Amino acid sequence: MSASLGTGVFVLSLTSIPILYAVYAFLSVVNLIIALEQDNVIDGFVTFYLKEADPHINTAHGHVVSYWDGSAHYLMYLLMIAAITWGDSYRVIGLYWVGSFLMQTIVYILGNAVGKYGTQVGFFFIPQMLYIFVSVWACFRVFSQPSARDTQSTDILNTVRKNLLHRPLDLVFIICLLLAFMFCVFRGLIALDWSCKWCHDYTQQYEPYLKDPSAYPKIQMLVSMLYSGPYYIIALYGLLVPGCEWMPDLSLVHSGALAQAQFSYIGASLHTRTPFSYRVPVSSQLVFLLVNLLYTLVPQALCYRCCTQPEFFLRPTAEKKED
């Protein structure tokens with residue numbers, strides 16, 4: 001993103017949210033062009049930017065993030081623009097975007113600060129930070145959108161009265177969340193260089209990318225442990241105790257964050273821009289993909305359950321009035 005485009009985003013954001021997302025959609029297309037040119041699919045469109053931009057954009061992580069921004073974020077922006085145009089709420093897709101954006105931004109800033117490219121940050125870092133500040137403002141606007149859930153009180157009462165044994169799907173989610181929590185903490189400990197034979201063997205055989213000197217994978221795992229770890233505990237509470245109205249919104253934010261994180265991590269682990277010694281061995285790729293895809297799908301499935309069947313997480317209107 002150039003300085004002029006960053007300034008344009010700032011000016012437009014002060015006037016109209018739909019125009020802001022339209023500009024973001026355009027910038028997503030720019031990121032897609034960057035990724036395609038890096039893969040030599042096209043040539044000559046952003047050559048100057050690739051030479052002068054922050055080194056982050058030329059790493060495997062930056063490359064895969066460009067694809068995510070040019071596809072997933074682009075679709076989210078179009079959906080939000082359509083919802084605003086038709087007068088509908090864009091809170092659901094907006095919260096998913098908030099999680100994705102925050103995860104991408106945190107890893108970008110911290111990775112640049114502590115990685116091997118920390119001393120090579122150039123002028124284009126300034127418009128990137130401007131873009132981030134405006135996006136944070138947009139995140140608050142998303143949270144200010146009213147929640148639109150229309151559920152009958154009788155449905156809420158009937159669902160709340162069911163114990164866990166009569167909610168087999170939630171029981172499965174609880175087991176999956178416990179496994180996801182352990183896997184999340186395990187990879188976080190690897191990122192912290194925990195001296196354990198299991199950690200060393202797992203890293204060597206399945207995820208050597210965690211040792212990449214760019215620091216993006218390490219930061220990714222640490223942020224995931226500090227962000228996803230507490231979420232899994234809170235989500236367990238939300239599945240056990242009825243009336244946790246924050247559960248659907250929180251699941252949307254987290255599922256968006258983990259989708260972005262896992263897409264970036266899986267893609268960069270297999271990408272040719274990653275040095276060969278840090279790439280996933282060919283013999284381990286099937287296990288690596290299976291484990292990471294299952295880990296990615298758990299929050300997405302839980303989010304779908306929370307948003308499509310929210311009765312257990314809601315309270316009857318009478319209880320709200322008493323409060």
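Cβ coordinates come from backbone N, Cα and C, glycine included.
Please treat TrEMBL annotations as automatic predictions, because they have not gone through curation.
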Quick one: sort out which of 219-240, 285-306 is the transmembrane segment according to TrEMBL. 219-240
May I ask for the residues of the chain that lie six or more residues beyond the transmembrane segment (171-192) and have a Cβ under 8 Å from a Cβ within it? 164-165, 199, 202-203, 207, 210, 217-219, 221-222, 224-226, 228-229, 232-233, 235-236, 239-240, 291, 295, 298-299, 301-302, 305
Please list the DSSP helix, strand and coil residue counts for the domain 'EXPERA' (169-303). 110 helix, 0 strand, 25 coil
